[in-house]
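A.B. asks: Quick one: this structure, given as structure tokens, is what I'll be asking you about.
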Amino acid sequence: MASSNLIKQLQERGLVAQVTDEDALAERLAQGPVALYCGFDPTADSLHLGHLVPLLCLKRFQQAGHKPVALVGGATGLIGDPSFKAAERKLNTEETVQEWVAKIRKQVAPFLDFDCGENSAIAANNYDWFGSMNVLTFLRDIGKHFSVNQMINKEAVKQRLNRDDQGISFTEFSYNLLQGYDFACLNKLHGVALQIGGSDQWGNITSGIDLTRRLHQNQVFGLTVPLITKADGTKFGKTEGGAVWLDPKKTSPYKFYQFWINTADADVYRFLKFFTFMDIEEINALEEEDKNSGKAPRAQYVLAEQVTRLVHGEEGLVAAKRITECLFSGSLSALSEADFEQLAQDGVPMVEMEKGADLMQALVDAELQPSRGQARKTIASNAVTINGEKQSDPEYIFNDEDRLFGRYTLLRRGKKNYCLICWK
């Protein structure tokens, strides 16, 4: 992405929700490398899909020659951002937040290049400047620059202020000052001139721009990326099991890959623009090809492949594709023990059973059939496989050969109903 028309290119991808003084920012970016930052608060022990668009945006700026600063909020994570939240967040302990800071820092690192000369990325933690600040300094040096009148008129907190049942604590109300000071601080420390974030962060970003101007007399900018929505109106980045996480221990690479494979046709080309580094021309050509092929679209496979590789690397992608292929074909011989661990984690429904169980009981325990009677009929009708092999004997009792790697047996009823038995 050439720097001179970077904003235009981001707009073509649908990646710009709001931007302050667009012409001045475009001019500033055209003059040479700019330091920019995005903040990630440790509200859990992993980032999730909602964080991916701003994180990839940092990467897009770095690829265009700019210097990204990834800020993990060791201090702001202790307070909690009230922006567009219906209720007060639960406060986490300092130990928990510090632990999460370390994990999120590690997660962010592979997306950016920390060793590429002039525009090498920087990792920052706002606990470094807030941890030792006393309350008088905070109120005198930061608080006096903020107008409460303006703060209560910010859209992000308006809904909370108007609700009798919830309201907002002084703790969360002060969050805006903390994030505002982050921008001013990073401007002084690293010359940061641009903050990016999700569109829910607009109020916090504009506060930071204002504070930086007041404290350092510098012009700085803000740009937000849209919060991702799906064409059908349902929430993006959620499955029945909850959020889709970037940590493979919380969402396996197989489940992650499947999430993208299941993208609706109405969303997939937009998501290719948001979540991949493919050229717009390439994405448009793929859309055209899918429209005219008369076959199932290829776009979902391209999207799943690109994003899984970005987040889980080549190894994670290869494993996810291998598991997908084996489940589709019914032949499990290529699956490794680690693949079965992914399936047990969240890939297919899982049930633990004692050795000596029979097939009918397994189908009932696995919720593949409601009763032993129904299970008997299903087995007799040749609709059940054990590890890919058909089994039509209703009295069948599992043996050691059925226990792959000593503990896994994959049951299938019909074409698509799976359950993994983990033997105790």
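Even glycines carry a Cβ here, placed using N, Cα and C.
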A.B. asks: If I go by Swiss-Prot, the feature motif ''HIGH' region' sits on one of 42-51, 292-301. Which?
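C.D. replies: Range annotated as motif ''HIGH' region' by Swiss-Prot: 42-51.
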A.B. asks: Please identify the range among 90-94, 235-239, 390-394, 400-404 that Swiss-Prot labels motif ''KMSKS' region'.
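C.D. replies: Residues 235-239 are the ones Swiss-Prot records as motif ''KMSKS' region'.
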A.B. asks: Give the distance between the Cα atoms of TYR175 (L-tyrosine binding site) and LYS238 (ATP binding site), rounded to the nearest whole Å.
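C.D. replies: Between the Cα atoms of TYR175 (L-tyrosine binding site) and LYS238 (ATP binding site), the distance comes to 27 Å.
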A.B. asks: In DSSP terms, helix, strand or coil for LYS238 (ATP binding site)?
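C.D. replies: Looking at the DSSP assignment, LYS238 (ATP binding site) belongs to a strand.
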A.B. asks: Which residue, out of the binding-site residues TYR37, TYR175, LYS238, shows the minimum number of other Cβ atoms inside 10 Å of its Cβ in this structure?
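C.D. replies: Among the binding-site residues TYR37, TYR175, LYS238, the sparsest Cβ neighbourhood within 10 Å belongs to LYS238.
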A.B. asks: If you draw a 10 Å sphere on the Cβ of GLN179 (L-tyrosine binding site), how many other Cβ atoms land inside?
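C.D. replies: The Cβ of GLN179 (L-tyrosine binding site) has 27 Cβ neighbours within 10 Å.
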